[in-house]
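Trainee: Once you've had a glance at the structure underneath, I'll fire off some questions.
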Amino acid sequence: MSAPLLETRNLEIRFGGVIAANDVSLTIESGRNLAIIGPNGAGKTTFLNICTGWLKPTRGQVLFEGKDITPLPPRKIVRRGVARAFQIPQLFTEHTALENLLIAVAAREGLRNPVRDLHTIPERAEMMHLLEMVNCADVADRTVVELSEGQRKLVDIAVALALRPRLLLMDEPTSGVASSQKHRIMEILVEALAQAQVTSVFVEHDMGIVEKYADEVAVWNAGNVQLRGTPAEVLEHPDVIRDVIGEVA
Amino acid sequence: MDTVSSAARPQAPATGAPGLRLLATLLAVAALGAVPFVAPTMQLLVNLALAKGLAVMGVTVLLRAGQVSFGHALYFAVAAYGGAFLMAAMPGADLLLLLVAGVAGATLAGLLVGLFVVRYRGIFFGMLNLAFSMIFWSILEKFYHITGGADGIRLPRPTVLGMELGRGDFELVLFYLSIALMLGLGWFTIRWFASPMGQLFQTIKTNETRLEYLGVSPRRALLSGYLLSALLCGAGGVIMGVAQGVVTPEYAWWIRSGEMVFIAVLGGSGSVQGAFIGALIYEFVRTYASAFAGDVWQMLLGGFLLVIILFAPRGVIGIVEAIGRRTARSEDTR
């Protein structure tokens, strides 16, 4: 039996007296979209930060395709096939949307030719296609500061996809976006992930989004996984309704 | 920070028609090339300005990544002293050998210092560079028997492709070599800025987090630009040393580093062309202001910089580009 795509074993991290990850053991299989939900401060973003090497756990292990990646810095984890999209899009603000992707592909391919123009690299067409996939081809030549928040989110995700990851971790992909746009963004995103055959884990607060686009849901509470299951199972659970959704069961 | 940002974008909107820009560049190079014949008394002054321009280009490279070095005179001095030591060890060495050795020495020094300073950003980066240049300055001052102390050491006239030239001919060769270096290294630097490697380097200014999450080490990216900047400063140092015929610890002095930053801002921070325009203006203002205004030339320069910062935040190159844009627009509407 092959190893899960991502596995965490007994992860623990403390910030002073606060335990942000408390013995987290979790497996993520290929081809699934896992949503992480939970109240603020439950440790959801911390979990993503540990898995991508930004934070080092005080105890436990992170395994990607069966190999221990716990001590590696983010850049080495990225090179193994784990990409990240952020709650606040992390883009190169002085560059255009397309240039952000071209820079990503230059990083992926290790392009070192010191006199070749970035715009003439052969992967340009591939990056334009990626922008089309996330519905941002029409803003390819606009600088990031000229993009709407929703477009920035999508370009941020496209940058991560440009790295051809096998796993994409996303922190609130629809936060800061107008409600009317959220489902549109998720539809584009889920389709792009399916086309690129990328497994995803995303932190989300909008239960409508979780219900519609996640294959599985993990509920975080006090630094640990409280519950895991299909959206239908999890979102109907009285504890989730009480602690996360905030309605009286 | 609009100053650097707009200048830093390699794909920035064209400033004037490409043909117009090419014409302007050709005219500027032709004008420079004519100096020894049209205004021979200015030849040395222009040559010194070109040497400084090369070094300022090095500082400009770092500005593209949002970093300011207050110690790049170190590489200027390492290359110049390298050339002087080489001439002492091999009398009659060739000018090109001197240039290659000086530049290689500066780049090697850049690697040694760079491996350490690329861990830091902002004021710490700037001050650590300053610290290294001042350490080198003290070595040059204190190790009198090797370095000649405050008096420095002579850098005798090298041969050119095996030929011993008279002073006039040699100065002419040096002058045109400086122009060739300006064009060659300037072209390379502009190309490098637009290359994937140069683009990765420049993203340090806007988002190191994303750079790390692209699988790139920001330190390595910064080091690549740091090496280029040391190389460019080294080229300037060799030309300056050979042109003056003597190298002194003043080459590594902090004021020299400050001067490079000053010229970079004056010319247009982040602009390759601005480095040379700024250096030419600086040398001319300094020379003539000190001749006609005695002790207040620094004040005049300071005032000039103040005016530039207040009214032309993109430096002199920004003014030139604005004129180019206006000309192109009027051509279009005609």
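Including glycine, each Cβ sits where the backbone N, Cα and C put it.
Curation does not apply to TrEMBL; its annotations are automatic.
As listed in TrEMBL for this protein:
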TRANSMEM  B:20-39  transmembrane segment
TRANSMEM  B:44-63  transmembrane segment
TRANSMEM  B:69-88  transmembrane segment
TRANSMEM  B:95-117  transmembrane segment
TRANSMEM  B:123-140  transmembrane segment
TRANSMEM  B:173-194  transmembrane segment
TRANSMEM  B:226-248  transmembrane segment
TRANSMEM  B:260-285  transmembrane segment
TRANSMEM  B:297-320  transmembrane segment
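Describe the structural surroundings of these features, if you would.
Mentor: Remote same-chain residues near the transmembrane segment (B:20-39) are listed as 14, 46, 50, 172, 175-176, 179, 183, 273, 320, 324, 327-328, 331 (criterion: CB distance under 8 Å, separation of at least six residues from the stretch ends).
Here the transmembrane segment (B:44-63) has long-range neighbours at 4, 8, 32, 35, 69, 72-73, 75-76, 171, 174-175, 178-179, 181-182, 185-186, 189, 225-226, 228-233, 235-237, 239-240, 243-244, 259-261, 263-264, 267, 269-272, 274-276, 278-280, 282-284, 287, meaning same-chain residues at least 6 beyond its ends whose C-beta is under 8 angstroms from one of its own.
Non-local neighbours of the transmembrane segment (B:173-194) in the same chain are 10-11, 29, 32-33, 35-36, 43, 46-47, 50-51, 53-54, 57, 60-61, 64, 95, 99, 160, 165, 202, 228, 232, 235, 239, 242-243, 272-273, 276; each lies 6+ residues outside the stretch with a CB under 8 Å from one of its CB atoms.
Distant neighbours of the transmembrane segment (B:226-248): 44, 47-48, 50-59, 61-62, 69, 72-84, 95, 98-99, 102-107, 109-111, 113-114, 117-118, 140, 148, 150-158, 171, 174, 177-178, 181, 185, 189, 192, 260; these residues of the same chain sit at least 6 beyond its ends, with a Cβ under 8 Å from one of its Cβ atoms.
Residues 2-3, 6-7, 24, 262, 265-269, 271, 273-274, 277-278, 281-282, 285-286, 289-290 of the same chain, all 6+ positions outside the transmembrane segment (B:297-320), place their C-beta atoms under 8 angstroms from a C-beta of that stretch.
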Trainee: Same chain only, please: residues at least 6 beyond the ends of the transmembrane segment (B:260-285) with a C-beta under 8 Å from a C-beta of the stretch. Say none if there are none.
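Mentor: Apart from its flanks, the transmembrane segment (B:260-285) reaches 3-4, 7-8, 25, 45-46, 48-50, 52-60, 63-64, 68-70, 72-73, 76, 182, 186, 189-190, 193, 233, 297, 300-301, 304-305, 308-309, 314-318, 320.
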